[in-house]
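K.L.:
Before anything else, here's the structure in question.
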Amino acid sequence: MSDAKADSTAKKKADNTASSHTLLEGRLGYKLESALLVRALTHRSYAYENGGLPTNERLEFLGDSVLGLVVTDTLYRTHPDLPEGQLAKLRAAVVNSRALAEVGRGLELGSFIRLGRGEEGTGGRDKASILADTLEAVIGAVYLDQGLEAAGELVHRLFDPLIEKSSNLGAGLDWKTSLQELTATEGLGVPEYLVTETGPDHEKTFTAAARVGGVSYGTGTGRSKKEAEQQAAESAWRAIRSAADERAKAAAQAAQTAAEAAERAQGNADASSASA
């Protein structure tokens, strides 16, 4: 390749990167120092394949703390009567890999991440753990570049809807306990959890299936066995609750139909008696 062609290719790549960063910054609402944003988007698989570049792991560590602080402060102020244990469970319902990944998907964050070929080939751009880690790294980058107030504003914008939804649904409670109470009410038996783990020791991913009466009603993934089981319990709770609501709705409609039919029959009988 000639030097001119190489220069043209490099310039085109740089222009595409800059355009991509501008798009992401528009979604975030902040313009960040270029090198800092690049680092926040650099997964270690890309760094290792390109000569040991800096990864986003330190920024992820920082962003995790910023996210935790802002969410904890919000919960503390909005739920003055909740004890520490329930506040912790509410926070866990918001700050977990699945919730972070969903927020990341809303930003289409996966399309901006710098991934190695191996991760790229195995669907890494939509992998919950990678999306969650990258989102935390981006929050860390906003904190370093713009300060705590800006990072806090970003966290509020992205996570306040989740906090409100979780509070309204009672997600601050223990999902495993909620599932056990629901299955007892529905006469389904006691839930059990089958957990598998994948990945190296320093980065394990746990997958849990919530089973009741031999039937799997929900699955979940997380960085710990506890998180995976909670996610699976939530998924199963929603599935069983939805099915129960549908049955109740069908029963109510059937009862209404029967009542209307009985009313019509009575009306016909009354009309017959009157004509006689």
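Here the Cβ of each residue, glycine as well, is placed from N, Cα and C on the backbone.
A quick note: this is a predicted structure, and the numbers were derived from the prediction, not measured.
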K.L.:
In Swiss-Prot, one of 37-96, 217-276 is tagged region 'Disordered'. Which stretch would that be?
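P.N.:
So the range that Swiss-Prot calls region 'Disordered' is 217-276.
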K.L.:
Measuring Cα to Cα, how many Å separate E136 (active site) from D64 (active site)?
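P.N.:
Distance (Cα to Cα, whole Å): 5 Å.
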K.L.:
How big is the gap, in Å, between the Cα of D133 (Mg(2+) binding site) and that of D64 (active site), rounded to a whole number?
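P.N.:
Pair distance, Cα basis, whole Å: 8 Å.
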K.L.:
When you measure from the Cβ of D64 (active site), how many other Cβ atoms are you left with inside 10 Å?
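P.N.:
By my count, 19.
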K.L.:
Across the whole of the domain 'RNase III' (19-147), what does the mean pLDDT come to? Round it, please.
P.N.:
92
K.L.:
Test of understanding: give the count of other CB atoms lying within 10 angstroms of the CB of E60 (Mg(2+) binding site).
P.N.:
21
